[in-house]
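Feature annotation from TrEMBL assigns domain 'PurM-like N-terminal' to 25-135. The Mg(2+) 3 binding site annotation in TrEMBL covers Asp27, Asp72, Asp210. Annotation comment: TrEMBL describes Asp27, Ser42, Asp72 as Mg(2+) 4 binding site. The Mg(2+) 1 binding site annotation in TrEMBL covers Thr43, Asp44, Asp119. Under the heading Mg(2+) 2 binding site, TrEMBL lists Asp44, Asp72. Residues or ranges marked as substrate binding site by TrEMBL: His51, Asp260, Phe316. If you look up TrEMBL, you'll see Gly118, Asp119, Arg143, Ser212 marked as ATP binding site. Residues annotated as domain 'PurM-like C-terminal' in TrEMBL: 148-300. Look at TrEMBL and you will find Asp213 tagged as Mg(2+) 5 binding site.
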Amino acid sequence: MLSEFSLIKQYFQRQRPGHAVLGIGDDCALLAPSPGTQLAISTDMLVEGRHFFAGADARMLGHKSLAVNLSDLAAMGATPRAFTLALSLPAADPAWLGHFAHGLFALADAHDCELIGGDTTKGPLNVCITVFGEVAPGHALRRDAAQAGDDIWISGTIGDARLALAGYLGEHPLDEANQQTSSLRMHMPSPRVELGRALSAAPVARAAIDISDGLAGDLGHILAASNVGATLNADALPAGPVLATMPTELRRRFCAAGGDDYELCFTAPAAHREAVLAAAQQAQTMVTRVGTIDAEPGLRYIDAAGKPLALALVGFDHFSGG
Ligand code: ADP
Ligand code: MG
């Protein structure tokens, strides 16, 4: 039977040298931020039965636990540096731990983000990660920075993760190939770290958020913080490859109020269109212009012809409904 300390040593304490002044093993880790940067810090917790199904694939869970956190750094335009991992486990299962660590470190290494500490306890399966990133003062892409007249952009594609959930729940049955493709979007999101950095560097964008609870709700946070409204073209929303083949009503609804997308929604002055496309190219990430920030509060939808659409959509909230 693995002890708590041998478990940490075997699966989470790595031999490779890191950038932290002091990593795993003492009461605290020590981190020296690069001179002239601010620390960007964020925490996200994944709870079994709430954020993922019981029996979820351990490698994909390791990936997603860090991905959702890196996505928050991306939405701020910050560069990942390090993370901590608080893990509650029902049992010390070597096979499960090996797969979990594999998924976790594959993504961590891809972003040069180092595990510097954490906590390990026995209990219901629960993964809580805190990430630390760096951003130049004044360059963070905050929710309160959108201005009337800004374009609204979205990275990548959205809605396929929500479609996968609809398939699992039998809400909208999918054939095997479509279930498999859309499920990959749900379990293996790609945090848009490079895009966030490119958008904050110049700076090109004004406000940004990552889409975790659905576009309508998450864009709503930008609108509220910035004291503005928006008009979205429901037919310009970049549906995922599977959702794009579905009927218009479903496509619009799952794009606008899906969830688990982990794409960036950001605003930028219309004069920065070329610069946004250059940043997207630099980050090798597709971006789509989907609407405009308005002075008038509220979120409105139009169709491809510019005709107003009555779509009453809200974001996901753990404490209402769901
Ligand atoms: P403390 O008693 O001070 O809480 P612990 O005994 O919990 O310390 O942890 C010992 C060391 O192992 C600490 O440096 C801690 O940050 C690290 N650690 C514990 N759990 C994890 C984990 N899941 N991943 C990475 N580091 C961990
Ligand atoms: Mg501890």
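The backbone N, Cα and C atoms fix where each Cβ goes, glycine too.
Caution: TrEMBL annotation is automatic and unverified by curators.
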Listed binding-site residues with Cβ under 6 Å from ligand 2, out of Ser42, Asp44, Gly118, Asp119, Ser212: Asp119
Long-range Cβ environment of Thr43 (Mg(2+) 1 binding site), under 8 Å and at least 6 residues apart: Asn69, Cys128, Ile129, Thr130, Val131
Asp260 (substrate binding site) versus Asp213 (Mg(2+) 5 binding site) - Cα distance in angstrom: 6
In sequence order, those binding-site residues of His51, Asp72, Ser212, Asp213 whose CB lies under 6 Å from ligand 1: none
Cβ within 8 Å of the mean position of the Cβ atoms of Thr43, Asp44, Asp119: remaining residues of the chain near Mg(2+) 1: Met45, Asn69, Thr84, Leu85, Ala86, Cys128, Ile129, Thr130
Inter-residue Cα distance where the pair is Asp72 (Mg(2+) 3 binding site) and Ser42 (Mg(2+) 4 binding site), in Å: 7
Alpha-carbon spacing, Gly118 (ATP binding site) to Asp27 (Mg(2+) 3 binding site), which is rounded to whole Å: 10
Rounded Cα-Cα span from His51 (substrate binding site) to Ser212 (ATP binding site), Å: 11
List of residues, in chain order, with Cβ under 8 A from that of Asp72 (Mg(2+) 3 binding site) and at least 6 apart: Ser42, Asp44, Val131, Asp210
